Structures are given as C-alpha cells and as structure tokens.
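Listed features, source TrEMBL:
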COMPBIAS  519-528  compositional bias 'Acidic residues'
REGION    518-539  region 'Disordered'
REPEAT    50-71  repeat 'ANK'
REPEAT    125-157  repeat 'ANK'
REPEAT    158-190  repeat 'ANK'
REPEAT    191-223  repeat 'ANK'
REPEAT    224-256  repeat 'ANK'
REPEAT    291-323  repeat 'ANK'
REPEAT    324-356  repeat 'ANK'
REPEAT    386-409  repeat 'ANK'
C-alpha cells in the first residue's frame with residue numbers, strides 16, 4: 001500500500017483507545033514521530049498508494065494529537081491546507097449532541113483552524129471542506145466553515161457546488177442553510193444539472209419541495225434536454241412526480257427526441273406514473289416522438305400490457321402509425337407479448353393494417369418533419385417496406401403464441417393468406433426465417449391448403465417456388481405433415497374392398513400447377529388462390 005512507518009503512526013495511534021505503552025499518552029506518540037522524522041527526513045510528506053500523507057491519515061482517523069505533532073514538519077501552504085478537504089471525515093461519526101458546538105467538540109477542526117488552514121483549498125478532485133461537509137456532516141460544521149471563509153459557490157470537479165452535493169445527497173437542512181448564505185440555486189454542473197434536477201434524479205422529496213419553495217426553475221433542462229419530469233420518471237419516484245405536477249411542471253414538454261414525459265414513463269414501464277400523467281393531461285396519449293411513435297407504440301414495443309391498457313382506456317389511437325407505418329398492434333406482434341397483443345385486439349385494433357409507405361413517401365414525411373429540403377434519389381413508387389400485416393410480422397419474428405392468437409380470430413380468413421410486396425404469405429416468411437414453431441402452427445391450422453398454394457420467384461431456385469418445396473429443402477420433418485394431410489385413407493380395414501385413398505396431388509406433384517395468382521393492383525396485396533384444385537380419389 002506504500003505505507004511508511006509514519007503512515008501507521010498517523011493512522012493508528014490513539015492514546016485514548018490503545019493499551020500499548022508507547023501509545024499510552026500523547027508524549028509517547030510525539031516522541032515516536034520525532035524519532036521517525038529524524039530517521040526519514042521528509043517523511044511527513046510521504047505519499048501512499050492513494051496519494052495520502054501521514055497528515056491526511058491523522059485527520060481521517062481523528063488523531064488531533066498526531067496532527068499537532070506533524071504540523072511542525074509540514075508545509076502549511078500545501079499539506080495543512082489540503083487537510084481542509086478531509087477534516088470533516090474526522091468528525092463524521094460525531095453525535096448530534098457533540099456537534100452543537102463544533103468549536104469545542106472538533107479537535108481536528110480546532111487544530112487546523114489554529115494552523116491557518118484555507119477552508120477553500122481544493123483536493124485533487126476540487127472538493128473543499130464545505131463540499132464534504134455538505135455531503136457528510138451537519139449544519140454546525142457547515143456554519144463553522146462558512147464563518148471562517150468557506151465559499152458557498154466554490155466549484156469542484158464537474159462544476160459541482162456544495163449546494164448541488166447537499167441536494168443530491170438528501171440533506172435538506174444543509175440545503176436550506178446554504179441558500180440562506182446566498183448559494184446560487186441555479187448553478188449547473190458540467191452536464192447541465194441544477195440542484196433541482198439533481199435532487200429529482202436522486203429522489204429526495206423534501207429537498208425537491210424545499211428548492212421549489214425557494215424559487216428553483218421548474219422548467220430547467222440539462223444538456224441531454226431532460227426536464228424535471230423526465231428525471232422524475234427515470235428515478236421512478238411518484239411522490240416527486242406529483243410534487244412537480246402540483247407546482248406546474250408541463251408533462252407535454254419534449255426532449256431532443258421529441259418524447260414527452262409520458263413516452264419516458266411508458267419506455268421504463270411505470271404504470272402508476274403513466275396513470276398520474278394521463279390524469280393530468282389525457283391528450284398526451286397521442287403525442288408522437290421523432291419517429292412518430294405514440295406512447296402506445298412505446299408500451300407495445302416493450303411488451304408492457306398493463307401500461308398499454310391504461311393508454312387504451314385513456315383514448316390512445318389504436319391505428320396511429322409510426323414512420324415504419326406500423327400500428328401499435330404491429331409493434332406488439334413483433335415483440336411477441338401475448339397479453340399486449342390480446343389487449344389491443346380486444347380493444348378493436350385492426351389486423352389488416354399494412355405498412356404501405358413508399359420510398360418517396362418516407363423521405364417526404366421525414367424531411368418535412370425535420371424542416372429540410374427533400375432530396376430523394378430513389379425510384380418513384382419503389383417499396384421501402386414489404387407491406388406486411390401483423391400476422392406477417394408475428395411470423396417473421398417467430399412469435400408462435402401470437403400467431404396462434406391471430407389464427408383464432410373469427411375474421412382470420414380475411415387476412416391469413418394475404419401476401420406482402422414480395423409475394424410471400426405468412427408461411428413463406430416463417431419458413432424463410434426458420435421459425436419451426438410458427439411453421440408447424442400454420443400447417444396444423446385449417447388454412448394449410450390455402451397457405452401451401454402460394455408460389456414465388458427465387459433467384460437461387462428459380463420460378464414457381466412453393467412452400468412445400470422450401471419445406472423439403474429446409475424442414476423435411478415438417479414437410480411430412482403436408483404429406484400426411486395430402487393423403488387421406490378411408491377404410492374399415494386394410495382388406496376393406498371399399499377402401500378409398502384421396503390425394504391432394506397439386507401439393508405432392510406441382511410441376512405443372514400454376515399455384516397462386518397475380519396480385520391485384522392494390523399495392524401487391526391479395527389472397528393466394530382460395531380454391532383447392534387437383535384433388536383425386538382412388539377406390
């Protein structure tokens with residue numbers, strides 16, 4: 001650790017607590033120090049691995065007699081002044097009764113005071129004695145330091161003032177004292193945080209109330225453009241949030257990402273906070289951020305069903321679209337949270353919503369929103385997104401339970417076989433993404449015939465690529481489900497003369513079968529052929 005013998009003496013010598021003869025009295029300690037000093041020369045300035053001198057350790061340990069012994073060997077301008085930054089540690093365990101008169105009950109402070117210590121002398125991190133007192137001690141020590149010249153607005157590293165440190169360490173009495181002494185209530189640290197923002201972030205209810213009563217700016221923001229309500233949401237402190245709202249904080253205020261406080265509460269899934277904000281201003285449920293996400297999009301993206309339900313009840317738009325042209329239901333299908341999808345469907349969210357935006361539409365909307373001139377080199381009408389429905393998204397991300405939920409809907413026939421801009425239905429997508437659970441669920445559904453009739457063009461495998469061909473290549477074990485479905489044997493026994501075998505030959509031998517059909521002109525979005533040709537029975 002880099003300790004010299006003098007470090008040990010300074011740190012551990014306590015005549016009143018040790019039985020050793022050499023530690024029995026202050027004279028013995030003084031004699032030991034003098035002996036060590038004679039042998040070591042400049043040992044009083046020796047620095048250990050933490051940059052601490054013997055004098056630092058003496059003050060940290062509360063050994064005022066050792067401090068006195070070391071003072072003659074130490075530069076008052078440097079080492080003794082530096083002790084003002086750690087003197088409070090010597091008194092950190094002092095009881096309230098002893099702190100009533102710190103001049104009588106703080107021997108280390110008295111020694112330093114007599115030695116002519118500069119109370120504003122900074123440590124290596126810029127902390128002065130008042131900074132440390134604001135964090136760790138009581139009002140009496142702060143009074144003593146201010147009385148002897150400590151500056152209330154002195155800055156430590158990060159531009160932190162004693163008031164800021166008191167506010168962020170839940171020290172309301174010291175906050176009040178420093179304000180009474182003229183400390184600036186709006187000084188900011190390097191991150192732009194005021195004492196109020198710091199207190200909100202740390203969740204100190206009493207300090208927040210005090211600062212607001214003293215006139216702190218409730219609309220202040222830090223360098224990240226977060227206001228007090230955003231900070232309150234991050235600290236998940238409902239009491240602080242309610243105080244701020246009662247004092248007129250605007251929940252509609254947005255940060256640099258154009259998120260309201262409600263967006264932030266949904267992002268971190270604080271349902272009680274969401275209720276409180278919605279109670280104050282229900283209009284916020286349909287505010288959008290920089291990506292056109294509403295709070296309901298945010299809740300759906302996180303899979304937060306309780307929060308989503310609160311927003312829906314408050315009037316959130318179920319069909320609002322973000323810049324991907326995704327509704328909250330589409331976002332929820334991507335996340336795969338069953339409860340969230342179920343709540344949105346129960347509230348009436350449409351399963352037929354399509355992300356139909358084109359490249360030119362996308363750039364027009366983006367540049368218009370950001371006030372920039374439009375420069376779009378892409379081809380007019382070229383699809384930027386594949387025009388997926390919620391079922392396509394659930395299949396793409398392998399959310400089997402959500403797929404099952406959608407398949408149970410009464411109106412499932414209206415959307416189950418719809419194709420996207422790439423001519424793929426939900427089965428094609430699930431096979432391509434290797435989501436076996438979804439593939440199996442679709443093959444076991446009553447729509448397996450319609451889903452298998454689709455065909456697409458493949459750069460690798462050529463034209464007329466059906467789901468069954470893809471299954472044989474990638475999931476042969478699941479392809480057997482199709483074979484089992486395509487061969488139906490009806491007979492009382494193997495010897496039954498009336499035995500009947502029905503083949504769905506259009507799936508088993510599709511070489512000349514024109515499966516699927518041309519999509520309509522409506523954004524390449526149509527059903528696969530819903531008829532079932534090619535059935536033959538053998539008896």
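Each Cβ is built from the backbone N, Cα and C atoms, and glycine gets one as well.
This prediction places the mean pLDDT of the repeat 'ANK' (386-409) at 94. With DSSP states grouped into helix (H, G, I), strand (E, B) and coil, the repeat 'ANK' (291-323) comes out at 17 helix, 0 strand, 16 coil. According to DSSP, the secondary structure content of the repeat 'ANK' (324-356) in residues is 17 helix, 0 strand, 16 coil.
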